[in-house]
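According to TrEMBL, the protein has these features:
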DOMAIN    A:27-595  domain 'Cytochrome oxidase subunit I profile'
TRANSMEM  A:44-66  transmembrane segment
TRANSMEM  A:93-119  transmembrane segment
TRANSMEM  A:140-158  transmembrane segment
TRANSMEM  A:189-215  transmembrane segment
TRANSMEM  A:227-255  transmembrane segment
TRANSMEM  A:288-309  transmembrane segment
TRANSMEM  A:321-341  transmembrane segment
TRANSMEM  A:353-378  transmembrane segment
TRANSMEM  A:390-412  transmembrane segment
TRANSMEM  A:424-450  transmembrane segment
TRANSMEM  A:462-490  transmembrane segment
TRANSMEM  A:510-532  transmembrane segment
Amino acid sequence: MSSTDISINEDVHHAHEEHDHHHDQNFFEKYIFSQDHKTIGKQFLITGIFWAFVGGFLSILFRLQLGWPEATFTFLEPILGGWIENGKLNPEFYLALVTMHGTIMVFFVLTAGLSGTFFNFLIPLQIGARDMASGFMNMLSYWFFFLASVILFTSLFLETGPAAGGWTVYPPLSALPEALAGSGSGMTLWLIAMALFIVSQLLGGVNYITTVINLRTKGMSMTKMPLTIWAFFLTAILGLLAFPVLFSAALLLIFDRSFGTSFFLSDIYIGGQALAHSGGSPILFQHLFWFLGHPEVYIVIMPAFGIVSEVITTNSRKPIFGYRAMIGSLMGIALLSFVVWAHHMFVSGMNPFLGSVFMFLTLIIAVPSAVKVFNWLATLWRANIRFTSAMMFAIGFVSLFISGGLTGIILGNSSLDIQLHDTYFVVAHFHLVMGAAAFFGMFCGVYHWFPKMFGRMMDEKLGFVHFWLTFVSVYLVFMPMHYLGIAGFPRRYYTWTGFEAFNVFTDMNTFISIAAILGFSAQFIFLFNFVYSIFKGRRATANPWHANTLEWTTPVLPGHGNWPGEIPAVYRWPYDYSKPGAAEDFIPQTVPFSETQSSNLPQEKDFE
Amino acid sequence: MSTSTTLETPSTGTWDGGNEPLKASYGKLMMWFFLLSDAFTFGAFLIVYGLSRHKHLPYTGEPEAFTFSTQWWPIPEKVFNAFPGFHGVDLPLAFVALMTMILILSSVTMVLAVEAGHRMDKNDVQKWLLWTILFGATFLGCQAWEWAHFITGTEEGMMLADGTRIIGANLTVNQYGPPLFADLFFFITGFHGTHVFSGVILLIIIFLNTVYGTYQKRGHYEMVEKVGLYWHFVDLVWVFVFTFFYLI
């Protein structure tokens, strides 16, 4: 994994020579500066996996501190060097760990790693296109992301540490270098990395949207599109509208930090001395941030919705229950995601009436979310379920989404939020509903589309071990956190043993940390399975899951352009599984109704 | 149950795939979606402007008695009343009105360039693009003067309570009012100016391509149209910036 990354890193300088001749593709054109959507998708996936391990490792470090607050960690000195002082983790480095864990997981893994991988890989294949609308912009999108990654990774090695003001980078903590060690150059690199990351997202976003609108093959109407593509399409729109606002906020923050403006700063005294900043509002930053930040959590979870819908229906051998309701609920969620941002700010001193409006809008999201959950359950109901690794993760996703979603209804209440705000209850909620769940969606997608990516199958037995260890440890980690949170245990605290009320939770914290280490270790099974299967996995057939969608009509390893001959036309929706009267239990989208007269429904006779 | 040939052909409605449902090429769609997202960037800035201004007190006295003070947000006519060559003459908003006229004119010439592109009239495209570049560059020049004047300030400046004077403006203090007044002025007009500057660069590139006959050989002038979309957007944003900063 990391070795792949390093080899990419070394080859950056060869960018420009390689572009003018287009005959034989050499190594760089084929694997490094590739404009082929499949290669770009794999680049995003491998970078995403690298980041996931970095982000996961950081969380293990702070779980060690939380689980064993009295222990000494001299054994970590070879890795952390000066951040271990007399065997104790440096408190400011603890804050940096939490910040970087959040930033890496939310943006670099679950946004770029998840969307970047599956949008690039699946959109052209599932809508029947040769490639994305602009392969060049697509390549730029990856390399901007790569540059952002390099900068953020570099910030981990600064002497003053990476950004430490929380992944939400609220000013004044993030705006004043005096506030925290990490608010110096660490924060500057964070902002630069994020600005580049947003450029990457926008380049990708306009490409995804345009490709879905303009490049669908003949017959692929909007209501014949797989739900994956619907989810990706709407997610891309969310990203396109939400990320620019973060960009604005980041630019203003950069000016506040480096050029003396006062957009987010006012009335600040350091050591009795008033700073020159006056007139700004830190709350304004919170509004701008969460206007992105809330859609962002849907940008993370909606691709997983799409992937899971596809995998559940394929492996249930049943049509998806409520196809149009699924599209409608995605649209509802996408729309609502823009009008609920202030529920992150209930305790920021906002007008309680405004709070009740945002509470009302927030609770409405439960409706489309429940529609999706019931549709997945109804699809599973009395199905001939094939328990593949991907299917296990899809079902696990539904379970996590329900468990995490229920606490969302509690947190959405502005009055209950006063007690629960910034406690481990919130941590448990969002890790279940968008953290672990989105990871499950990602695993689900990797296991399911691995044969299309690499022409080989992943090992199912290892997949099962990976699933059960991950599934169990996710619940073991996050379920107890609800109890901690209800008791008022605050998040982001380096040490809590000084509080009499929280000392009773020592055992529980140790338990959570052990479960977290178990869960993190289980990911190495996945890593091994992934790398091993790329080279040594069982060779895949063209359509190993007997699925209906277009990507399985390509050769086992599609070349540039995806289909050797003409692009197939589409005649039916993608969910004709186990249709009564049909010869097999699946009818691919490319089969016209004239060839399936024995199974056509009365209303489909019209198409004949 | 007869197997007619219609069975073998997929549907061919507007949204049935295999066509361009919005009657626009992918490049034009991309430009539209980029502009949509850029509109959100500017939208965020203008909301920051609105909220910041709302946090400050307005000036409530007689307009004639107006003086600069950090206590209240300045009246725009009293700040932007200079014109090159008319030193000391009070000409409220005259110069910015001229700038706005120039930018709107450049949009008109851009329309004419796009129209000439539809006719495949290379000479007319060149001519109108050149006018657009000229107007765009003039606008940038005017903005440079406006900024220079804003930064230099007036002789009177702002009298503070302790008798000292602040003259001119930077990102920390300014003679016109609260620090945020100048901060927002520099940031938002600067961000818009960066857009105009990028637009002028794009226009120069497509002008050169037109001169070399690239688009004539390609058979269409769609690139001119795409840059035109961007140019009109930048012009439209200016209308909002102008309204917020100078009129209200």
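Including glycine, each Cβ sits where the backbone N, Cα and C put it.
Keep in mind that TrEMBL annotations are predicted by a computer and have not been checked by a curator.
Residues belonging to the domain 'Cytochrome oxidase subunit I profile' (A:27-595) score a mean pLDDT of 95 in the model. With a cut-off of 8 Å between Cβ atoms, the residues of this chain six or more beyond the transmembrane segment (A:288-309) that come close are 106, 110-111, 114-115, 118-119, 168-170, 226-232, 234-235, 238-239, 241-243, 245-246, 248-249, 252, 320, 326, 330, 333-334, 337-338, 340-345, 372, 376, 394, 397-398, 401, 430, 433-434, 437-438, 440-442, 444-445, 448. Sequence-distant contacts of the transmembrane segment (A:93-119), counting only residues of its own chain at least 6 positions beyond either end whose CB sits under 8 Å from a CB of the stretch, comprise 40-42, 44-45, 47-49, 51-52, 54-55, 58-59, 61-62, 65, 80, 83, 141-142, 145, 148-149, 152, 156, 161-169, 180, 182, 186, 190, 194, 197, 200-201, 204, 208, 228, 232, 235-236, 239, 296, 299-300, 303-304, 307, 434-435, 438-439, 441-442, 445, 449, 492, 494. Simply put, out of A:189-215, A:321-341, A:390-412, A:424-450, A:462-490, A:424-450 has the most Cβ pairs sitting under 8 Å from the transmembrane segment (A:44-66).
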